[in-house]
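J.: Here you go, one structure.
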């Protein structure tokens, strides 16, 4: 079971709710993924009006836990204000914290991230920080009050898959007891399986499903990959070797001539 | 047969036309004091079923195909059949591949063909997709002309129609009020658009600029006016355009052609599109009430097909009633 801030989940696939062809397809994709947690952007989905009305009630009707995010925030102040608004709108103290440092790569501003994480943790939030794979930043985030980490494996929406498996492995090695969720950069189910095989606790993705040719089918494919990766990790994958090793012993084999 | 159509957006006016041309006595009532202000008024006016397939269901293509001929027949001279050009900046050409995979009815073209179609875009894009069979119209001119046509056919209009007055007895009442209708499952999707006056830019057809974050289209209107649209926000807020959206729209227009940087911002408009969860339109029917709703971002494209279906339903059931009365 996946445990996040004291709550347990059987699904290790978290889905975003943006960019789908329609809310109906989104709902079907969430079901196909068997996700129990979905992220929702406060900025876009609830800008004024009857607070996103139907869209929000559709997400509620699916019966999943909502993880609001601060997508698109470029400063500590903006992220903190958005988080506080999200707490009111979605009635949860969970927050996926994004503080963007670079407009083109959507790379996290790790300095602002640590600062915002501290402010929000002290304010009673349970923070899910979207960070890079930097080890030192990870330590600072945990010091700031985060109980889990969400490193990227490639830039948001890039679909490039794990760019630095060694850094991901190193994070896993340094924080064996901290839930680690790969957030951003996953493009294909094989990418998700690869990070799960490294021992990551879960993956969070959006574009790879929402913008695929068939989001519902792709969500199902990701669910299988995440499960396969997790089971492979638990089973203990074979380490790579430099030499070929025959699977059938050669010595003592009958020789036919 | 007496019909009352509520709502003078594209859904209401097309239905009024289909009913009146079948001989019904039609009255259109509209809460606003004029045609301006509806979601249709803020529309792009693209008749682009093949492009829309990128994010829409196949039904949008099958229903939308009818629209080109419908508008041309009803309002001769309004439909400009110059196709659609889809381009992407060099670093986002994977968006072009994705668009091509999800659509049909285009020719993949290179730099020279782009320059031949749109001389002002010469040298700016190396690859594009040309959807030759698509068309566009100016939605505001079309709505005004359709209203005039309807008046000529004997359709009555009442604007500024408050809720206080009780409608006269009618045989059929049609609700085409978009997001203002109380239909279960209907939601609003906010769209923001800009109208730019750019004397230095000439375009012959709508151009879609693909971008992973801010895809936009630029639709040329008369006198170097360009409609730049449109944001898609899950909200029914009708408030003015936000700075963020305006920056996105302007940034994209500027990326298409730097001369848009010198344009005058003539208008920054907002419309709230009515949509159901599957983003497909629906006809609702209950006794002598009918509704057309959920046209989403495909008002001008899908309204003719929906209006025709609704009018068929109304006249078929009237005929059945008449037959039953005779027996």
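Along the chain as shown, residues are numbered 1 onward.
Placement of Cβ uses the backbone N, Cα and C atoms for every residue, glycine included.
What you see is a predicted model, and the numbers here were worked out from it, not measured in a lab.
Quick paste of what TrEMBL says about this protein:
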DOMAIN    A:4-249  domain 'Thiazole synthase ThiG'
ACT_SITE  A:96  active site, schiff-base intermediate with DXP
BINDING   A:157, A:184, A:185, A:206, A:207  1-deoxy-D-xylulose 5-phosphate binding site
J.: Can you name the residues of this chain that are 6 or more positions from residue A:157 (1-deoxy-D-xylulose 5-phosphate binding site) yet have a C-beta less than 8 Å from its C-beta?
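T.: Once residues fewer than 6 apart are set aside, residue A:157 (1-deoxy-D-xylulose 5-phosphate binding site) is near A:106, A:184, A:206, A:207.
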J.: Where the record says A:157, A:184, A:185, A:206, A:207 bind 1-deoxy-D-xylulose 5-phosphate, what is the longest distance in Å from one Cα to another among those residues?
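T.: If we measure all Cα pairs in A:157, A:184, A:185, A:206, A:207, the largest is 10 Å.
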J.: Which of the recorded positions A:96, A:184, A:185, A:206 have a Cβ lying under 8 Å from any Cβ of chain B?
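T.: In terms of proximity to chain B, the recorded positions that count are none, since no Cβ is under 8 Å.
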J.: Could you state the whole-number distance in Å separating the C-alpha atoms of the residue listed as 'active site, schiff-base intermediate with DXP' and residue A:185 (1-deoxy-D-xylulose 5-phosphate binding site)?
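T.: Taking the Cα atoms only, the residue listed as 'active site, schiff-base intermediate with DXP' lies 16 Å from residue A:185 (1-deoxy-D-xylulose 5-phosphate binding site).
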J.: May I have the list of same-chain residues other than A:157, A:184, A:185, A:206, A:207 whose Cβ is within 8 Å of the Cβ centroid of the recorded 1-deoxy-D-xylulose 5-phosphate site, in sequence order?
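T.: Those within range, site residues removed, are A:16, A:155, A:156, A:158, A:159, A:186, A:205, A:208.
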J.: Most Cβ neighbours within 10 Å: which of the binding-site residues A:206, A:207 is it?
T.: A:206
J.: Limited to the domain 'Thiazole synthase ThiG' (A:4-249), I'd like the whole-number average of pLDDT.
T.: 91
